Structures are given as C-alpha cells and as structure tokens.
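Notes follow once the structure below has been shown.
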C-alpha cells in the first residue's frame, strides 16, 4: 500500500500530529467560508445603502478597498497561526510530524505544485530518518521531476540516493551522480564530500547528513509570527475604522476628528510595518543568499526593488487615504447637516428665537399664512419679482426674506422630481431656507452664503465662492449643488442634494429642507 497515492484510502491512527493537521484544515475551510461571507455582506450592504439612502453616493472603490483590507487582515492572522503551529510541532515526535504533513498533503494534493513537492520531500526525509527507505521512495515517486527547480532537484536526487542506499539497492550510485550534476549554492557539502560519505559506508554519518539537509531555507520563527500578528491586527483595525468611517453616520465633530486621528495612526502604523518587513526581507536575503554579497549588481538590484516596493506601497496607501478621506468628509458633512435641525435650536429670519415645539408650530403657521397672503396679493408688480441682486447678502436684506410659495406638497421629503428636468432649471438667484436660518445667492461668477448665527447675527462671505451643479443621473442619484472655497474644489464647504425644483423653490429630501426663491 502506498500511503502517498491519493487514489488509495488510508486509515490513520490518531496522534497529536493528525489532530493538529485536521484543526488547521478546518480552520482553512472556515477562512474560505468567511471570505465569501464578507463578500456577500458587502454586496448586501451596498444594496441596502442604494435603497435606503439613494442620495448618498458611496463609490464602488470603498467596498473593494474594505474587502481587500479584510483579506490582508485574514492573511496576517493565518501566517501568524502557521508560525504558532510550527513552534508547537517542535515538541512532536518524528512520526507525529510526518503524520501532520501526510494529512495536509492528502487534503491539498491537488493544489499548488510547489507546496506539494516540498511536502513530499519533507516526508521522504522523515521516512529515511525513521528507517523507512521504501516509504521514502514511494513519496519521491509522486513528484514530477521535470518541474523541480535546481535547488529542490538536488535535494530530490540526494534523498533518493540515501533511500536507495538504506534499502541496499545499487541504484544509489546513479542517483548520486545525478545529484552531483545539479549545481547549487545553498548546499553546504561539496559533491566530493557527498561521494565520500556514501562510499565510506558510514551509516551514522549518512543519517546525520540527511537530518541536517535543508529542504527549504529556515525562517526566523522568533520574530516572524509576531510580526504577522501585528500585521493582522493593524489591518483588522483599519477595516473596522474604515468601515465605520464610510458606512456609519457621525453626529459630532468629536466623532469625525476621532476617526480622522485613528485612521491617520493606522496609516502611519502600516508604513512602519511595511518598512520593518522590507528591512527584514533585505537582511534575510543577505544572510541566506551566499552569492548575494559577492555580486554587487544583484545586491544593488535587490535593494532597489525593495525600496521601490516601499515607495509604491506608501504612495498608494497615501493616495487611497486622501481620496477616501475626501469622499467620506463630503458624505459626513451631508449627513451631519441633515441632523442639524434636530440637534440645535432654530432661529427664523424675523429675529424671534424658537426654543419649544409649540413655538415652532406657531411660527410655521404664521409663515404659511404669510405665504398665502403673498401669493394672493394682486398688487405685486411683475417686474419686482424678477429683480436679481448681486454681491453679499446683508443683515437687513436677510431680514426681509420670506416664504414665497406653498411647498406643502413636498414637505414630507419623499417626493423626487425628474433629475434631467431638475438639471435644466435655473438656479441663479437668491434662495432662502427658514428652517435652517440660511440663504445663498448664486451668480454666474460665484456664490454668497449667509448663515444666521447666535443672537440673530449673520455672517456672509465677502469674496464669491465657487458653485457647481453636478448631474448624477447615470448613477441613479439626484443632482448635487456644491459650494467650494476656490477653483481647486478641494472638499466642498456646503452641499445640497436637490430632489426637485420649481420656479419658486427647490427641496432636499436627505437634509429635509426647502429653499425659496427671493
């Protein structure tokens, strides 16, 4: 029976190695299931955001970035777990280590060739040390020799020669000649020394050589697992912070500043971690590669590639951080202002401060009656309603603003107008929102925003802001009216998500506000 032939069923007796291998396999399956679950949850989250908050535009890149961060986090934890398993296996017997590799091999035999070959070589080495040369040859027979690299090919022929020698087969001489014909810089013994060990017939020396033969360069198990643990923790924290920042609405400046500081620390931590790992790889390549120090060109190329990799990762993460931060800031401002009406006292244009719900209702009734009187006033001259003023809005001018139309049909804030028709509307003019205590004047060359602050004192910019009406109908979203400090448009200072517009007013469902033309 060939236990390495995956077409044959094999019954294994339980020990620590088999139990450890089965735990690792179950954990790997849970990780794969978790990957698909995260992908499904992100898809569901995108659908929910699209249905419940159609005005908020969360880019596809945000979902992709969050998924990639989660995958990197899982990778860090998995590598850390593998390092812990390697440490625990140091106390295993040779048979337990062999059985661990056997279970892993039979479970993953149809996966990457490189891992399969290394696992078979490791088990063949263990079989030789356990006085099972025929089992070692069975393991080596499962390897496709033509696909092996030079260093691994030399190991293959050496183990095959050692197994044949221990099994008292004459073929070891031919296999040893094949081993000598393969050049390698990682093998410590010369070809003459290997020939001398076999021809001397010293079994103890041969077994010592097999035991110390390195199939792969050994890793630094003292620092590597913990470095990957910190990598996994950092990426998990980044995923949580980025997810909260992107998809959860903040309600205060403290919350936004907290998330900004936290994200910045995570970004800097990622840079430090990447720097440490690249330095680690550089030192390891210098220590393990014997020819690297002698060939200055190869050494310089290695350093150049690692430094270039560091610059690329740092630059890419910085671009993603700044770009995502700008988008999130815009979304946060829009959602925060939508709650402003509920979180602070309202002040109307006539200077009366409203502090109770009854006062608000009374004032709204008065404004509605005033609007009716204005609409029904037959003495209003047509040319007076078409006057378009320019320049900053003054306090006295703001005090004269009124509700000029009946907008009761849209005050439920669930009505959407045709987006294409809204884009065709003329927004140039003066607009007033009594519920927010704000007004703005849009001109061809800029815009002025008037904000009513405490004690009925207002503020208006003296230099025109830049304004822009953005068509988002291709994404199924309403138009966006944005105001910027300057032409750079580096983050909008105020945004209106326009659900619809008439000649006399326009309304924003997300922010629950109506703007009346003056």
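Glycine residues also receive a Cβ, built from the backbone N, Cα and C atoms like all the rest.
Nobody curates TrEMBL annotations by hand; they come from automatic prediction.
Among the ranges 310-338, 339-367, 368-396, the one that TrEMBL lists as region 'Disordered' is 339-367. Checked against TrEMBL, the range among 300-324, 400-424, 425-449, 450-474 recorded as transmembrane segment is 300-324. Looking at 177-202, 255-280, the stretch flagged in TrEMBL as transmembrane segment turns out to be 255-280.
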